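**Student:** Look at TrEMBL and you will find A:His142 tagged as active site, proton acceptor. Feature annotation from TrEMBL assigns Ca(2+) binding site to A:Asp135, A:Glu208, A:Glu210, A:Asp242. Summarising the annotation, TrEMBL assigns substrate binding site to A:Tyr137, A:Arg151, A:Gln249, A:Tyr253, A:Thr359. The feature Mg(2+) binding site is assigned by TrEMBL to A:Asp242, A:Lys262, A:Ser266. Under the heading domain 'Fumarylacetoacetase N-terminal', TrEMBL lists A:24-127. What TrEMBL records for A:134-419 is domain 'Fumarylacetoacetase-like C-terminal'.
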Protein chains: 2
Amino acid sequence: MIRANDPSLHSWIQIAPESDFQIQNLPFGIFQAQDRDPRVGVAIGDYVLDVYVLTQHGLFDMLDVEDPTVFHRLYLNDFIALGRPIWRQVRDRISELLRNDNPEIRDNRELMAECLVKQKDSQMLMPVRVPNYTDFYSSMEHATNVGTMFRDPANALLPNWKHLPVGYHGRASSIIPSGVPVRRPKGQTKPVDVDSPIFGPTKQLDFELEVAFITGKSTELGTTITTLEAEEHIFGMVLFNDWSARDIQSWEYVPLGPFLAKNFASSISPWVVTLDALEPFRVPGPVQDPAVLPYLEYSGEKNLDINLEVTLQAPNMSQEAVICRSNYQYMYWNMNQQLAHHTINGCNLEVGDMYASGTISGPTPDSYGSMLELTWRGTKPLTLPDGSERKFIHDGDTITMRGYAERNGVRVGFGEVKAQILPAI
Amino acid sequence: MIRANDPSLHSWIQIAPESDFQIQNLPFGIFQAQDRDPRVGVAIGDYVLDVYVLTQHGLFDMLDVEDPTVFHRLYLNDFIALGRPIWRQVRDRISELLRNDNPEIRDNRELMAECLVKQKDSQMLMPVRVPNYTDFYSSMEHATNVGTMFRDPANALLPNWKHLPVGYHGRASSIIPSGVPVRRPKGQTKPVDVDSPIFGPTKQLDFELEVAFITGKSTELGTTITTLEAEEHIFGMVLFNDWSARDIQSWEYVPLGPFLAKNFASSISPWVVTLDALEPFRVPGPVQDPAVLPYLEYSGEKNLDINLEVTLQAPNMSQEAVICRSNYQYMYWNMNQQLAHHTINGCNLEVGDMYASGTISGPTPDSYGSMLELTWRGTKPLTLPDGSERKFIHDGDTITMRGYAERNGVRVGFGEVKAQILPAI
């Protein structure tokens with residue numbers, strides 16, 4: 001059998017070389033269109049492949065999917081819950097159907113018209129219902145930058161940071177898909193020059209460039225997942241913008257962590273790129289020194305080489321300005337370690353849980369994954385192509401994040417997560 | 001119409017005066033029994049009233065409940081989502097059916113046998129699916145005790161504490177109903193006398209005495225709830241044991257808050273006492289000084305006089321020993337303020353969300369709501385009736401929390417939340 005990741009694969013669908021959605025990718029999402037209600041789709045080139053339609057035409061009859069209506073749901077959760085062998089069967093079968101040497105759809109004009117919807121004619125919804133959302137803090141460069149700015153440059157990393165992947169629970173209800181505008185939040189802040197806190201719209205609205213993985217297998221309370229087992233639990237990944245209000249955060253966050261500074265919105269890219277599609281882009285992680293405790297040890301290449309960029313576009317700008325280029329491979333702690341740590345106390349996972357990386361900052365100032373770091377807490381404003389300056393995000397600005405991996409001429413991309421900031425009301 | 005809270009009401013069911021479940025209470029839960037699958041029940045005396053059976057016999061036909069199968073579900077969420085007018089209709093109708101002057105069930109032996117199940121013959125399940133869980137930190141005595149022990153006795157309360165109800169997001173997946181044993185968690189700790197963290201079972205397992213409210217009305221992202229509107233969103237309350245591993249917590253919690261020290265389990269009482277049933281027990285809250293910002297101002301009596309107690313029973317003890325007596329009225333921040341704060345940035349609520357109070361400590365040492373405070377971080381061990389000492393919780397110990405309100409001869413109770421600690425594996 002030809003593997004779905006094989007660089008030599010081509011589709012009978014014309015796909016531009018710069019498209020994120022080559023036949024080697026096949027990410028899953030939930031879409032709707034004028035002529036169809038929400039259902040599972042797979043991105044291919046400029047199209048969405050309607051997976052439910054495939055099942056209706058018997059094209060999945062040879063697979064172990066007993067209930068094809070799992071592809072006719074508001075969320076991917078029921079499909080994902082079928083487990084990794086089924087994810088792989090489905091992806092392999094879709095790869096087969098889209099290959100240039102397969103006539104099943106290619107030579108059936110009517111079926112082709114029914115199962116392919118142009119992405120521009122479809123709307124992407126939340127891919128999963130998120131029962132639990134955790135945000136890690138796993139980029140050493142980010143943690144060091146924040147520690148330097150807010151605490152003590154000489155001891156920027158707190159003592160626990162290199163011993164465990166620091167994380168905290170975030171708000172699941174306010175995770176929204178790309179395209180939904182974000183209202184500037186209001187809240188309490190405490191400027192240094194006043195005695196009492198004041199109330200109003202945040203003056204330090206920020207993005208955080210992150211990537212999140214989605215778990216596809218529930219676990220029982222009281223059980224653990226080893227670093228070796230972790231990948232059996234990971235369905236795929238999305239881009240994640242962890243919007244943050246820095247002035248609210250610095251006043252509220254002691255001693256129990258970020259709360260209203262984060263939970264007004266988190267935006268995600270709507271296509272879930274499977275871990276299977278990302279396998280060819282494995283790279284070694286950083287050397288971890290001091291050595292980690294045994295339950296955090298791992299073997300093999302567990303980081304992923306995913307190029308990431310962030311752009312900002314104000315309403316008066318004719319095009320987006322790139323303000324950050326980073327890479328997911330900079331992570332100090334990998335996903336396997338994050339899951340092993342998260343469950344070492346017996347905490348249970350659910351299908352659709354989202355686990356975000358924390359801001360992904362690289363070693364150079366142009367690779368910092370937040371305005372906080374890019375402008376060094378507002379002390380070094382960014383100058384945009386139109387000459388205007390930004391310390392933090394202005395009303396009307398649109399922030400877009402994109403990500404892709406590329407190797408051996410094969411590109412596997414995430415599409416984008418984009419949102420415009422609306423003024424506070 | 002006779003109000004469901006009227007102290008003069010009596011039921012045709014014999015109810016012991018010390019029962020938590022008088023006719024003025026009527027809490028909702030999800031139960032199953034040998035002869036019936038999970039469904040909605042209401043506690044009355046020693047019985048569970050099978051609400052779904054009532055609908056099947058046409059006893060709810062006069063209510064605005066279009067789909068009676070909302071009472072035949074795994075969780076209360078679909079019933080709760082119908083909104084406060086329906087909660088009240090249903091509670092009022094059940095009150096009517098159970099009143100000593102109503103013959104509809106009383107004089108129908110067959111129906112009575114079908115709709116009443118002894119509590120000892122039924123099993124209580126999770127009452128709601130919890131989409132989001134937030135833990136507040138709203139007892140001044142608790143925050144002061146913790147600040148004194150861990151930080152600085154002279155500045156025990158952090159600067160933000162009296163300006164906003166500090167809170168953080170907790171893990172929803174590991175909230176479990178009373179009766180499910182809790183496995184002692186393992187994790188990283190960093191004893192002061194060693195250079196590097198060590199791994200093993202927690203040595204400082206603790207309970208936290210809390211009460212949680214459950215929201216019954218979704219809100220749109222970007223909208224807020226005022227202190228005046230808050231009660232329209234609150235369905236009811238449960239007892240909440242926020243199990244904590246203090247040694248894991250003190251190592252992991254900087255800078256982003258508690259994580260594995262909490263998310264291994266939180267136990268709740270299975271009966272949701274409605275806010276309507278608790279209305280007669282309103283009391284004034286403490287004077288808040290300094291004055292709060294306008295969005296946190298409120299009027300009326302928003303605290304609740306709910307007696308709370310915690311007991312500990314080791315396997316060798318013939319009965320439970322009371323180790324704490326506290327009261328929910330000690331809260332500095334009330335539920336109305338908590339919801340107003342939580343949504344002031346536009347954060348959206350979902351039906352079934354759980355919002356816990358934080359540890360409820362009173363002014364006297366015997367009213368402290370955690371072992372941490374009762375034993376003052378282990379420096380003043382508790383002596384149990386069998387002569388043994390406790391700094392923290394031992395394997396085999398059972399912790400039980402109970403709560404009730406009482407006024408004008410009417411008692412409205414929560415039942416209990418109980419769990420035994422199993423050794424780490």
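Quick reminder: no glycine exception, Cβ is built from N, Cα and C everywhere.
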**Student:** For A:Tyr253 (substrate binding site), what residues in its own chain, 6 or more apart in sequence, show a Cβ-Cβ distance under 8 Å?
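**Tutor:** The list for A:Tyr253 (substrate binding site) reads A:Phe259, A:Ala261, given in order along the sequence.
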**Student:** Return the average pLDDT for the domain 'Fumarylacetoacetase-like C-terminal' (A:134-419) as a whole number.
**Tutor:** 97
**Student:** For each of the binding-site residues (A:Asp135, A:Asp242), count the other CB atoms lying within 10 A of its CB, then report the residue with the highest count.
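**Tutor:** Result for the most crowded candidate: A:Asp135.
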**Student:** With every protein chain in view, what's the tally of Cβ atoms within 10 Å of the Cβ of A:Glu210 (Ca(2+) binding site), excluding that atom itself?
**Tutor:** 28
**Student:** Out of the binding-site residues A:Tyr137, A:Gln249, A:Thr359, give me the one sitting nearest to A:Glu210 (Ca(2+) binding site) by CA distance.
**Tutor:** A:Thr359
**Student:** Check the DSSP secondary structure of A:Arg151 (substrate binding site), expressed as helix, strand or coil.
**Tutor:** coil
**Student:** For A:His142 (active site, proton acceptor), which of the binding-site residues A:Asp135, A:Arg151, A:Glu208, A:Asp242, A:Gln249 has the nearest Cα in space?
**Tutor:** A:Glu208
**Student:** Select one residue from A:Gln249, A:Thr359: among these binding-site residues, choose the one with the most other Cβ atoms within 10 Å of its Cβ.
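**Tutor:** For the binding-site residues A:Gln249, A:Thr359, the Cβ with the most other Cβ atoms within 10 Å is A:Thr359.
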**Student:** Run through the domain 'Fumarylacetoacetase N-terminal' (A:24-127) and tell me, per DSSP, how many residues are helix, strand and coil.
**Tutor:** 43 helix, 26 strand, 35 coil
**Student:** Should A:Ser266 (Mg(2+) binding site) be counted as helix, strand, or coil on the basis of DSSP?
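**Tutor:** Strand, per DSSP.
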**Student:** Compile a sequence-ordered list of residues in the same chain as A:Glu208 (Ca(2+) binding site), six or more apart from it, whose Cβ lies below 8 A from its Cβ; state 'none' when nothing qualifies.
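**Tutor:** Within the chain, A:Glu208 (Ca(2+) binding site) has Cβ neighbours under 8 Å at A:Asn241, A:Asp242, A:Trp243, A:Ser244, A:Gly358, A:Thr359, A:Gly369, A:Ser370.
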